[in-house]
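Here the structure is laid out as structure tokens; the discussion comes afterwards.
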Amino acid sequence: MSVSAYFHHRFQQFRSLFKWIVLVVPMAVVVGSLCALFLWSLDKATAARFDHPWLIFLMPVAGFLMVLVYQHFGRGSEGGNNLIVDQIHEPGGGVPLRMAPFILVSTVLTHLVGGSAGREGTAVQLGGSVASAFARVSRLGHGEIRILLMAGIAAGFGAVFGTPIAGAVFALEVLTIGRMQYEALIPSLAAAIAADWTCHAWGIEHIHYHIGYLTGIPASTFHLDALLLAKVGLAGVIFGLAARCFSELSHAASAAFKRFCAYAPLRPVIASAVLIGLVYLLGTRQYLGLGVWSPNPDDATILGFFDPARVDYWSWLWKAVFTIVTLSAGFKGGEVTPLFFIGAALGNALAAIFGAPADLFAALGFVAVFAGATNTPLACMIMGIELFGATHTVYLAVACFLAYICSGHTSIYLSQRLGIAKSASDNIPADTPIRHIREHRVKKRRGNANKAEEV
């Protein structure tokens, strides 16, 4: 390559980089501001629910109206995260801008009346809808739209959790299992950092988690404990199986609601009756809402699972039940924060069984169950480092990667595609959506059941 050609090539790279910075930073500022508004509203809604316990009885009405409004005015927005992933894989009509206000209001309403849901799905949809609007105004081509949508995902994720590096990697990793979308690396990183900074500039503070195990020991002098590593490996397998069960049961519950209740607005009414019944059956409301904090110190919360003095064996299971019923019926929000709760609770229980540090295992479960349910082990490992520190990197990596392998070809995102199979023995064509893999698996299972009945 001649000198002139070399400098011309570098100039084109710099020009492309400058263009993307100019495009994604304003978009990320908008997304970060919306995420700040969302987190502030969510905090107020959660506080209001604790202050006014009777709000739970409005759950059936809220759910009915929410789905009814989506049916009449939110057409094209109902696909949620799966719609955004589909648009990145195969750009079509784009992500409607109305998705942003619809998902923000409906998620806050879900939490106000006690639905067990999260916030990641809302943040990603805020990012995707704003990014799509910027793409339409900028008249971008299909390839550029894909990159901007990925940057929108990174912005939403990075801002809502305060983990910009994990947000950038999540946007590259979540689309296709086993394959990273490196063409969007710089735009996604810039968007995640800008959105996170904007969210902080609005005064939003994120929860800080503390792991007492090995506190004060620099990461550079850390040496592995072989027995503890073996326990972490076993826990990683269990986290992956838990993630697989959560994903499969979520999709099965959603299909069951659609099969047995054709009128969509009635589904959340039925779910509300189930949830309120469970509250009175169990005698507690601790599995409602986000589950990050509670004014009642005896309630199970994500923060509480990091306390070595607390042992809770079944909170992870009940939180999974409450979340699956809530989201599969049509209430809005994300699955990720409930997955954090489920993982931290399961980690706390496994620590008691294995004789391991409770705070460390709560942290491992926090990220590993998420890794298994979304097939994003690298992003989750990085998130663990951003939230809990680099001292525990090896344990975080082992837990996340084993959970990813053991969760199989399942995902909470049915639009996610298979790039590289997790096992060489899996004869699944590349770029097959998880939705098709699951449908094939269900048909095969039904066929085997019919054959067994005939015999």
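Positions of Cβ are set from backbone N, Cα and C atoms, glycine also.
Note that this is a predicted model, so its numbers are computed, not measured.
Taken from Swiss-Prot, the feature transmembrane segment covers 20-40 (among others), and the record attributes it to sequence analysis. With a threshold of 8 Å between CB atoms, the same-chain residues lying at least 6 positions outside the transmembrane segment (20-40) that come near it are 100, 104, 107-108, 119, 122-123, 126-127, 130-131, 134, 138, 147-148, 151-152, 155-156, 159-160, 186-187, 190-199, 201-204.
Look at Swiss-Prot and you will find 54-74 (among others) tagged as transmembrane segment.
Annotation source Swiss-Prot lists transmembrane segment at 147-167 (among others).
The transmembrane segment annotation in Swiss-Prot covers 184-204 (among others), and the record cites sequence analysis as its basis.
Residues or ranges marked as transmembrane segment in Swiss-Prot (evidence: sequence analysis): 222-242 (among others). Taking Cβ pairs closer than 8 Å, the transmembrane segment (222-242) reaches residues 214, 316, 320, 342-343, 346-347, 350, 354, 356-357, 361, 364-365, 368-369, 371-372, 391, 394-395, 398-407 in its own chain, all 6 or more past its ends.
Swiss-Prot lists 262-282 (among others) with the feature transmembrane segment, giving sequence analysis as the kind of evidence. Outside the transmembrane segment (262-282), and at least 6 residues removed from its termini, the chain residues within Cβ reach (under 8 Å) are 56-57, 59-60, 62-68, 71, 114-116, 288, 318, 321-322, 325-326, 328-331.
The feature transmembrane segment is assigned by Swiss-Prot to 322-342 (among others), with sequence analysis given as support. Among residues of the same chain six or more beyond the transmembrane segment (322-342), those with a C-beta under 8 A of the stretch's C-beta atoms are 63, 66-67, 70, 81, 103, 106-107, 109-111, 115-124, 242-243, 246, 249-250, 253-254, 256-257, 264-265, 267-268, 270-271, 274-275, 278, 287-288, 290-292, 300-302, 315-316, 365-366, 369-370, 373-374, 412.
Residues or ranges marked as transmembrane segment by Swiss-Prot: 350-370 (among others). Distant neighbours of the transmembrane segment (350-370): 209-213, 228, 231-232, 234-236, 238-240, 242-243, 246, 302, 305-308, 310-311, 313, 336, 339-340, 342-344, 376, 380-381, 383-384, 387-388, 392, 395-396, 399-400, 402-403; these residues of the same chain sit at least 6 beyond its ends, with a Cβ under 8 Å from one of its Cβ atoms.
Long-range contacts of the transmembrane segment (382-402) within the same chain: residues 161-163, 165-166, 169-170, 209, 211, 213-214, 217-219, 222, 224, 228-229, 232-233, 235-237, 239-240, 360, 363-368, 370-371, each at least 6 residues beyond the stretch ends and with a Cβ under 8 Å from a Cβ of the stretch. Here Swiss-Prot flags 382-402 (among others) as transmembrane segment.
Remote same-chain partners of the transmembrane segment (54-74), defined as residues 6 or more beyond its termini with a Cβ less than 8 Å from a stretch Cβ, comprise 48, 98-99, 102, 106, 109-110, 112-115, 264-269, 271-273, 275-276, 279, 285, 288, 329-332. Panel annotation: around the transmembrane segment (184-204), residues 17, 20-21, 23-25, 27-29, 31-33, 35-37, 39-40, 127, 146-148, 150-160, 162-165, 167-168, 171-172 of the same chain, lying at least six beyond its termini, place a Cβ under 8 Å from a Cβ of the stretch.
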